[in-house]
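Peer 1: According to Swiss-Prot, the record shows the following:
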| type | residues | note |
| --- | --- | --- |
| ACT_SITE | C146 | active site, nucleophile |
| BINDING | R21, R126, R127, R166, S167, A168, D169, N177, H207, L208, Y209 | dUMP binding site |
| BINDING | H51, D169, A263 | (6R)-5,10-methylene-5,6,7,8-tetrahydrofolate binding site |
Amino acid sequence: MQPYLDLMRHVHEHGTDKADRTGTGTRSVFGHQMRFDLQQGFPLVTTKKVHIKSIVYELLWFLQGATNVRWLRENGVTIWDEWADAEGELGPIYGYQWRSWPTPSGEHIDQIAELIAQIKRNPDSRRLIVSAWNVADIPRMKLPPCHAFFQFYVADGKLSCQLYQRSADIFLGVPFNIASYALLTHMIAQQTGLDVGDFVWTGGDCHLYNNHFEQVETQLARTPLPLPKLHIKRKPDSIFDYRYEDFEIVGYESHPAIKAPVAV
């Protein structure tokens, strides 16, 4: 995960100090790209312990098309609690847009199902895209999509994915986002009979919150460990039938966790 640490160091040392929506203050750069060869290991940060359970359950929750945190809480995942209302609702966020993008005629588009069908039918398409950035629905979202748009690419029997993340909380959010989309790429590759290729992460506003600087310096002083491997124990009938128990991260060794406050 050296590319991730390089981004963190670059922003910490050369970023521009700016105000932000949360009132916390950030140091940021605009525009950065990282590439991870998924054949070489699963891109999970090792310079601090990452909560794998939250990553897996959140992705399964997105794939359900869910927008209420109840199911996450039932499974011990609280990463969305700060944004949910009293009933646990978040509005038409990621899962809704992925699975039920509304059309002017009142119908809904299942972007994930259509994506997989397109990969199988026309793998050379340049339209293998899923978007969560629905401008009409943003006012009703508790938090507009940070990881907003992703595209797949098939070459030499391998499936690659590129994510565009408009807003990137480097210390807390980005390790989750990298692992989540790497996991999704593995799942879709399995469903479409392909091997995995690269995961490409592209960031817009890449920032460190001012109250994370001490934690950043601690993390940058640590030496990365070898990447783990992902093992998917079975192939379900569809992308929507995976369970938490289907995934095993093999050989994950990390430095201790580093706690930091979330900017809401």
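Glycine too: its Cβ is placed from the backbone N, Cα and C atoms.
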Peer 1: Would you mind reading off the Cα separation of C146 (active site, nucleophile) from S167 (dUMP binding site), to the nearest angstrom?
Peer 2: 5
Peer 1: Provide the number of Cβ atoms within 10 Å of the Cβ of D169 (dUMP binding site), excluding the reference atom itself.
Peer 2: 22
Peer 1: Of H51, C146, A263, the recorded positions given in the record, which has the fewest other CB atoms within 10 A of its CB?
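Peer 2: Each of the recorded positions H51, C146, A263 was scored; lowest Cβ tally within 10 Å is H51.
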Peer 1: CA-CA, which of the binding-site residues R127, S167, D169, H207 lies nearest H51 ((6R)-5,10-methylene-5,6,7,8-tetrahydrofolate binding site)?
Peer 2: D169
Peer 1: How many whole Å apart are the CA atoms of R21 (dUMP binding site) and A263 ((6R)-5,10-methylene-5,6,7,8-tetrahydrofolate binding site)?
Peer 2: 9
Peer 1: Would you measure the largest Cα separation among H51, D169, A263 for the (6R)-5,10-methylene-5,6,7,8-tetrahydrofolate site and round it to whole Å?
Peer 2: 18
Peer 1: For the binding-site residues R21, R127, H207, which one has its C-beta crowded by the most other C-beta atoms within 10 angstroms?
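Peer 2: Max Cβ neighbours within 10 Å, all protein chains included: H207.
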Peer 1: Out of S167, Y209, which has the highest number of nearby Cβ atoms, where nearby means within 10 Å of its Cβ, if these are the binding-site residues?
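Peer 2: It comes out as Y209.
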Peer 1: Can you tell me how far the Cα of A263 ((6R)-5,10-methylene-5,6,7,8-tetrahydrofolate binding site) sits from the Cα of Y209 (dUMP binding site), in Å?
Peer 2: 8
Peer 1: Using only the Cα atoms of R21, R126, R127, R166, S167, A168, D169, N177, H207, L208, Y209, which the record gives as binding dUMP, return the largest interatomic distance in Å, rounded to a whole number.
Peer 2: 36
